[in-house]
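Here's the structure we're looking at; comments come further down.
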Amino acid sequence: MTQNSLIANEPNELNELRQDALQEIFNISMGQAADSLASLVNDRVHLSVPQMHWVEKSRVQDLKAAMKRVPKGAIICQPFFGYLKGEILVCYEQGTQYEVIGQSLAYSRVDTQRWQHELLLEITNILGGACLRGVAEQLNIRIDFGAPALIDRHNDVTAILLNPSSVWVKALMMEIGFSVQTMSMTSDILICMPEHYIDKLFSCIDLLLE
Amino acid sequence: MNTVYKQILNQLNVGILVLDEQCTLLYANNFIRDNHKHEPRTGVSLFSQFPEIPEDWFRKRVESVVMFHNTSFTSWQYRPHLLNLMETRPITGTHELMYQSCSLAYLGHFDQRHLIGLIVQDTTQTALSQMKLASTLKKLNAEHRQLQKLNQQLEEAQSQLVQSEKMAAVGQLAAGVAHEINNPVCFIKSNLECLQDYTRKLIELSQSVEGLIKHIDDEALKTQFNQYKASLDIGYIQDELPEILAETLDGTQRIQDITTSLRDFSRLDSAEWQQADIHQGLESTLKIVNHELKYSVDEIVRDYGELPSVLCLPAQLNQVFLNLLVNASQAIDKHGRIVIQTRHETGSESITIRITDNGKGIPAEIQAKIFDPFFTTKDVGQGTGLGLSISYGIIQAHQGNIQVTSAPGEGTSFLIKLPVTPKRTEHTVCV
Amino acid sequence: MMKITVCDDSLMSRKSVIRALPEHWSDEVTQCKHGLEAMEACRSGLADVLFLDLTMPIMDGLEVLERLQKEQLTSAVIVISADFQPEVQSKALSLGALAFISKPVSREKLTDTLIQVGLL
């Protein structure tokens, strides 16, 4: 396997086998995450089948077109690191009923913005942990998380990705829709991994496919 | 080796607590012991030793950490004091409690129980400097906004000044021209009066000559005279000449009226506050705008009340009247009617002047903007958008106020309220 | 010997199921990428036991279960799904699935289940 292989829009190494495996690993991981989350918040949780996108920064507009939804709202990011490195971006649309989800996480005061933001940080942390835990287990690797942070109060994710001073050039992005049935809560999760770590990801998958 | 680990934990500038999933406190390092109000005991519930921790919320977090084997975070911005730890600088510090960012990490499964670590970082310095920055930024933003506002006011004042200067220059020119015209008009008028007198005398003479000739028996002379008189059309001249002279005098009188109005309007002598008759100002302004009004306005109703003389800058008030009257005429298509109403309530300190037209009116959504500088509904080049803003400034300088009421399709009414004797401040408008 | 059909849109998942099968238990394994293929396999008698994924293109697992009932096909169905929240499980079981295994499958999980439903 060669370094720096993402020359075309889709890397050569992303053959059908690996793509299938990657998709399945994420599917399984989302299933587990949904189950754990449901027991944590005592409600039916829906996580959509992850959509895989290969994105170049110069072509984020293509991502915008390819995404199932491009919601606008508070955007929270959380770094993850370990064997793989990347960031989780979660967008929470305005109009979310914070009371119910807040109560299920033992937040008694969600009326003020400060508490809502802390709640969103915690939900992001749980979502990130839930989604990637299964991935780490299946690939048999370690993934740790940094603290989540609110990076924009109202924007869409692609606008954040377009920030001219950010360092990424190409990345793998998994788009996952998240909703909790009775809480009228929906959010969109984007798990982003820069090009540099894709080879490591592939070597894990290849081990699994042997 | 175990002692070395313990030593390290105790030397850390970070607080460390270890608990199980039931939230039983198993360990607290020296940083916690040294800085907490009460030294915690181990082997009992975390919440008995740290009652400041919200129990339900914390248990839910422990649950999720155990479930996902991940780490949960709190930040000083949202939860500054998870534990009641004292600031590490009791002397130079400005806050009693330490600002903290914490992480709750899953440590693993040992001896049949899940262990969780609470790691507490002291972020007091960061927090304080950030809060200071934030408040400075807020102050700066406020100052910035104030400056912007001031700047806008300055621009407004400047444009008013420019306009005033322009008006003053035009006024000066007009007054100069008026003065120059007035002198020849004066002697033309007096000469004409003289001519009128002389003509009257000559006609008198000619009539008496005619009478005398009637009594002469020299028929030849009589015929010759009558023929001569008829050929010169003297009868007609006798009838016509006084009329021509009267008309000419009337024209001259009108020229004189106009030059006087021009002088009155610009009132070069009135850059200072003086007692003035508002009605006189209105009348001289009406004369100036007569040309502008006569095509669209059928009727100008003067509903004048009794007004005391008002301490004011008359030329400037005239400019306000001019602006309002011109605007009124432009709002009218045809068959217009402008009502000028003046009032003074007995005993009141102020007078009101109301100028009402029956033009197309001002839409509600722009009524609030009409006094803004450069706001105009006219086409580019037709209006500067300064007229009403300058009027507003002038009335303000007179410590009065100007209000508009308007119904689209029905007309517009401007109401000016002026104090009879404004308190003298530095509020004079430069001319 | 049993005739086995594994139906999953993911090749990796099919492989991992096949890898987890007990040794010397089956002599013939058919692989299907979606529900329609699985129906065909069942009708052709290639599926004494059908390992069935739920989320698939063209025809999903729940529809396969419904059709099997309708056509009175007797394949023993074990659902293997990434989505295993209680509602989905009970739905699948009510449509005639013998057991429900959550992904990822392991040999132990699969063996336990087969013993539990009496196929081993």
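The backbone N, Cα and C atoms fix where each Cβ goes, and this holds for glycine too.
Features reported for this protein in TrEMBL:
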DOMAIN    C:3-118  domain 'Response regulatory'
MOD_RES   C:D53  4-aspartylphosphate
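Looking only at the domain 'Response regulatory' (C:3-118), the predicted model's pLDDT averages out at 92. Here the Cβ of C:D53 (4-aspartylphosphate) has 29 other Cβ atoms within 10 Å, regardless of which shown protein chain they belong to.
Residues of the domain 'Response regulatory' (C:3-118) grouped by DSSP class, helix first, strand second and coil last, total 48 helix, 26 strand, 42 coil.
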